[in-house]
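For reference, the structure discussed in these notes is given below.
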Amino acid sequence: MTIPNSIPITPELVASHGLKPEEYDRILQLIGREPTFTELGIFSAMWNEHCSYKSSKRWLRTLPTTGARVIQGPGENAGVVDIDDGDCVVFKMESHNHPSYIEPYQGAATGVGGILRDVFTMGARPIAAMNALRFGAPDHPKTRHLVSGVVAGVGGYGNAFGVPTVGGEVEFDERYNGNILVNAFAAGLAKSDAIFLSEAKGVGLPVVYLGAKTGRDGVGGATMASAEFDESIEEKRPTVQVGDPFTEKCLLEACLELMKTGAVIAIQDMGAAGLTCSAVEMGAKGDLGIELDLDTVPVREENMTAYEMMLSESQERMLMVLEPSKEEVAKAIFVKWGLDFAIVGKTTDDLRFRILHQGEEVANLPIKDLGDQAPEYDRPWRESDKRGPLPANLVDEPADYRAAILSLVGSANQSSRRWVYEQYDTLIQGNSLQLPGGDAGVVRVENHPTKALAFSSDVTPRYVEADPFEGGKQAVAECWRNITATGAEPLAATDNLNFGNPEKPEIMGQLVEAIKGIGEACRALDFPIVSGNVSLYNETNGVAILPTPTIAGVGLLPDWSRMAKIGGAQDGDHVLLIGTDGTHLGSSIYLRDLLGRTDGPAPEVDLHAERRNGDFIRSAIRNGQVTACHDISSGGLGIALAEMAMASAKGLTIDLSESRGPAHALLFGEDQARYVVTVPADLANFICANAEGAGVPFRRLGKVGGDALVIDGVCTIAVEELRNTHESWFPNFMDGKAETLAAAQ
């Protein structure tokens, strides 16, 4: 269907483009006339939440974004952090939530493709990927179909492109029944003096289109990603993009080759809102206008209109400002890789965004008002209600501790994710040192004998719902802790803030308070936010998701031969708890999964204790004093011990007699800033003395050996039984076995 440019602009048409009446009035005021249909589409794309961050920008500015190692913070395609020796790591996390619910395979695949492009647009070769996935209740009729499609899409794209998936999360909760979350992370390596930015420079320079041809897929995708869902959701399927990882691999190689020639003045990938967003961002950042001639855009469908070409989200495309003298060199590279190379416009000095099509000017708009001066809102918000304390003595103990531990390790949310990550290529490129299933993924830095990078992605949405401020702090602290548990120094983070409708003050309040908590934790832990993404309107029929501010972080290991793993325990090692005894059962999985309760406050995050305990752990690991390390998070000490026993295939004999408090709080309390370590017997006294000297709380828990987890006076479980229970839930669920669904309920 061909859409003419002269469609009358009605209030219904404006509303269907996601623009509020007052926003349309502002457009009329800005341009002094009624917009053309193409112009309406451009405003709709650039002024939606997905591109403008209009509800969150005010609060995002409060986050710490600088640090001794930060080369490039937010505002570019990805963040850039120095890792010494002239190397840097380039990384970002981004959501592809709405498309993945509508079309799970392509939605997830193009989410991976988009984040990889963000990284190599900066001049970095991708070396690692992660994904944080949230699905509805296991017994919801759509959940299994969505899990299957999303996991296949993530694997299908990442594996074919050739990047290892080294970590991530998969969780289930009924609050995601109508809106799943697909948060994709990628990191790449570059030289610190060879980073490419998107800010256009110079007047009259060619604007070049690179990559795959433009089709009608994804038209209006950014607008869809900024709206709530309702019953008409199936009609939105055409707004999901289609990805081709082989084309993207060629685009990566062509771009990196091109970047060595000096031809690139500025470069931007085409993601949300396609050609519109990339051209506007490049021009607005450089205080330049952009003129495009759509007759020169490579297309793969006939009779495409200006509206469709400007808003198509076809994948594997880039836009760049070219050094004119290098045109032939640049073109030859793209022809060699079988990709399109077309000069589609030029930079101008008039700050206008002009679009020509078939000899007609179809758009002429002020570029700054579309880009960095788009509307910004200070939406009303209110603080979340505070939950009262929930002392452990008011929470029932399990009748059978053995059954309780087995039930948790074999539950929907605590069971092994092997079924998922075995569909991902975790070893491609040959540098993976730690694979999914531990605290953090670790990848060796190519061409360096000892250096490696650690990656983790974390958030506990039930904590954020209970207390957005503490939950925001906890997401940062757990990510920092997981990186620390390998022995790496946490360098910086990227955030992916997934929330409901910001026009509701209680939802806006969750976002504001979570950002405040994230900011406080990042400052206390020297863990700046260097890139990120906000996904709002994750609601269906007025029901919002759990607030989910995902934090993904990167850490540096100067010598990977000294790193710690969750499964390194040796017979005869001593088991130590670093941190305080467990006390906190509010908002815990023990409470939720065994007692069916979701009450109680989130655990408090003492950032001073996090820093002190984490620095102590890292130092002990780097000094070669630790054989295995695991942070304590969901499920508390009991689940951490079970996971260590399974990972090392060794028994643990644990004595809680020195610990203070009821056994269910000691074993299932989710107090923060805690680790379990195993240490050689001859170093145990030395490490305990060091902890005492550093003011770090610790407990001697027991020893490694045998083939069972023995918690003295509480329970005994064979490691083999733990592992069978842990490994069976996911495959049984995906096979549709009824007892798995019953257990999940």
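Using the three backbone atoms N, Cα and C, a Cβ is placed for every residue, glycine included.
Of the listed candidates (Ser457, Ser531, Ser535, Ser561), Swiss-Prot assigns Ser535 to the same substrate site as Ser95, His96, Asn97, His98, Arg117, Gln241, Glu313, Ser314, Gln315. Per Swiss-Prot, the ATP site holds Tyr53, Asp495, Gly532; the candidate it also names there, chosen from Lys92, Lys451, Lys565, is Lys92. Neighbour count (other Cβ atoms within 10 Å of the Cβ, all protein chains): 25 for Glu94 (Mg(2+) 1 binding site). DSSP gives Glu313 (substrate binding site) a coil state; it is part of no helix or strand.
Long-range C-beta contacts of Asn533 (Mg(2+) 1 binding site), restricted to its own chain and to partners at least six residues apart, with a cutoff below 8 Å, comprise Lys92, Met93, Glu94, Ser95, Asn183, Asp495, Asn496, Leu497.
Secondary structure at His96 (active site, proton acceptor), taken from DSSP and collapsed to helix, strand or coil, is coil. In three-state terms derived from DSSP, Asp269 (Mg(2+) 2 binding site) belongs to an extended strand segment. A straight line from the CA of Asn97 (substrate binding site) to the CA of Asp118 (Mg(2+) 2 binding site) spans 17 Å. Cβ atoms within 8 Å of the centroid of the Cβ atoms of Tyr53, Lys92, Asp495, Gly532 (the ATP site) belong to the same-chain residues Leu60, Pro74, Met93, Glu94, Thr494, Asn496, Leu497, Ile529, Ser531, Asn533, Val534, site residues excluded.
Counting in whole angstrom, Glu313 (substrate binding site) lies 11 from Asp269 (Mg(2+) 2 binding site) by their C-alpha atoms. Closest to Arg117 (substrate binding site) by Cα-Cα distance, out of the recorded positions His50, Tyr53, His96, Asp269, is Asp269.
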